[in-house]
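Student: Take a look at this one; I'll ask things after.
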Amino acid sequence: MSLLLKKRSRNKPHGQMCTFLVKYVCADAEGIHELLKTKHWTLSIPNWIFRAVGQPVFVNNPISGLLILIALFLGDPWVALCGTICLISAIVTAFAVKQEYGQIESGVCTFHGLLIGLLLGVSVDREWYPLLILPLIILGSASGLIILIALFLGNPWVALCGTICLISAIVTAFAVKQEYGQIESGVCTFHGLLIGLLLGVSVDREWYPLLILPLIILGSASVYVANGVGNIYSVWNLPALTLPFCLVTFVFLGGLDSGSSHFPMKVAPDSVSNETAPDWGKVFLSIPISVGQVYAYGGLLTGCLIFVAICLASPILALHALIGAFISAFTAIGMSAPYTQVYSGLWGYSAVLTSEAVGGFFFRLTPHSHILAWLGAVLTTLVHATMSRCFMQLGLPVLTMPFVLTTSVLLAFTSKSPQFWRIPMGKISSPERHLSLDRDAEAGGDAEGEALEEKSLGKVETELKQSLMDLNEI
């Protein structure tokens, strides 16, 4: 008996460590959420920001978000700052318009601000440009740890742009009273990060103070756009994905003159190459680089750190991110895509997102959904090839539109198939937790919801008939 007690006492520290990691570090880090409930609201601000940073890669983990943000600032501080400003603007806007707190907390309604801010920071040909702050704030409101580190490692300026835009989105989300849970998890704010990162990369000047202004403006605007687009997509029981980020960014970049003196855009490098055969070493290196390109970063170190951040939150998502990048790289080579674009990961980031979305995030992971993730990566690459030729004539990047279109079609087409089980929107968590969900129980809940919907429709139909009868009598 004494020996048994000794063994238990020896194993107890290991069990406590595992419990701590599961509760506070891995998956959704629910322990942090529960802890902050008892603290002053100001202590939740970093949680709102970091969760939103991870949302572009389907990660709802503040530790992972912080690492990604650090990686962005290390990669390009100016672009990261643009994204941060835009994100904060989006958060403030979300609170101002009283968005659901859960969506603000998770970053669902604010992450578009981050994306918009990043894009502005990348596109404008000036760094540390104060005038850029205004559009960042506007666009940011229309929309964890490893990812943040990776962003700062890759480009501190770009990471700073993304952070500014993200903060703008968070502030906006609170200002419009978005659901706290969505702010905390970054679901309604992560668009701000993406916007800020993209702006930081696109603008042809680094550490450009004037860029902060559009970062804040766009970060705030992303909250409104994310909420509106989300309501439209909810009619078909589909997620809006990164469509709000794409819309806000297209409007801003499309409205800028190529010769603008305030926000000069970077000229895309010539993709023509003299190589007659691909460098397979660079092709394989493009796999982690494609993961980093989700945040508009083309550095190998940044991509690797972001992959580590994803793996910390969900190994299943990390695996499918690699699968999407791998499939896309070889599909692009087969389509005779410019080798330089393949090496830089520009053909792979949308496929990374599609593979993650289908392979365990919106579908419960099964052999069927796993195969669908491979197919989705191929289809996304084909759509990217088509859209890139069309958008080239307009002088605009395709952004993540190939991912949005392909994933939306796959989710809509397979949602009623008995071989694929789509996770109910209210039950979406990490892929690992999806494996433990009871399908029969969820199906019962869905059936009840459908019954209520049919009952409501029947009531409306009855009222319409009665109104017609009254009109006939008149």
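The backbone N, Cα and C atoms fix where each Cβ goes, glycine too.
Because TrEMBL annotations are produced automatically, they should be read as predictions rather than curated entries.
According to TrEMBL, the protein carries these features:
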- T400: site 'Important for channel permeability' (SITE)
- 66-92: transmembrane segment (TRANSMEM)
- 104-124: transmembrane segment (TRANSMEM)
- 131-151: transmembrane segment (TRANSMEM)
- 157-176: transmembrane segment (TRANSMEM)
- 183-201: transmembrane segment (TRANSMEM)
- 207-226: transmembrane segment (TRANSMEM)
- 238-256: transmembrane segment (TRANSMEM)
- 294-312: transmembrane segment (TRANSMEM)
- 319-340: transmembrane segment (TRANSMEM)
- 346-364: transmembrane segment (TRANSMEM)
- 371-388: transmembrane segment (TRANSMEM)
- 394-413: transmembrane segment (TRANSMEM)
Student: Under 8 angstroms, Cβ to Cβ: which one of 66-92, 157-176, 294-312, 346-364 has the largest number of such pairs with the transmembrane segment (238-256)?
Tutor: 346-364
Student: Helix, strand or coil by DSSP: which one applies to T400 (site 'Important for channel permeability')?
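Tutor: The residue in question, T400 (site 'Important for channel permeability'), is coil (DSSP, three-state).
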Student: Show which residues of the chain containing T400 (site 'Important for channel permeability'), separated from it by at least 6 in sequence, have their CB under 8 Å from its CB.
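Tutor: Those within reach of T400 (site 'Important for channel permeability'), by Cβ under 8 Å and sequence separation of 6 or more, are L241, T242, F245, C246, V294, Y349, S350, L353.
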Student: The transmembrane segment (371-388) and the transmembrane segment (183-201): do they have three or more Cβ pairs under 8 Å, with pairs 6 or more apart in sequence?
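Tutor: Between the transmembrane segment (183-201) and the transmembrane segment (371-388), contact is absent.
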Student: What else in the chain is close to the transmembrane segment (371-388), if you only count residues 6 or more beyond its ends and a Cβ gap under 8 Å?
Tutor: 320, 323-324, 327-328, 331-332, 335, 337, 347-348, 350-351, 353-360, 363, 398, 401-403, 405-407, 410, 414, 420
Student: Sequence-remote contacts (6 or more beyond its ends) of the transmembrane segment (157-176), Cβ cut-off under 8 Å?
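Tutor: For the transmembrane segment (157-176), the nonlocal Cβ contacts are 45, 48-49, 52-53, 69-99, 103-104, 107, 109-118, 120-122, 127-128, 133, 136-137, 139-141, 143, 148, 151, 182-183, 188-197, 199-201, 206-207, 211-212, 215-220, 222-224, 295-297.
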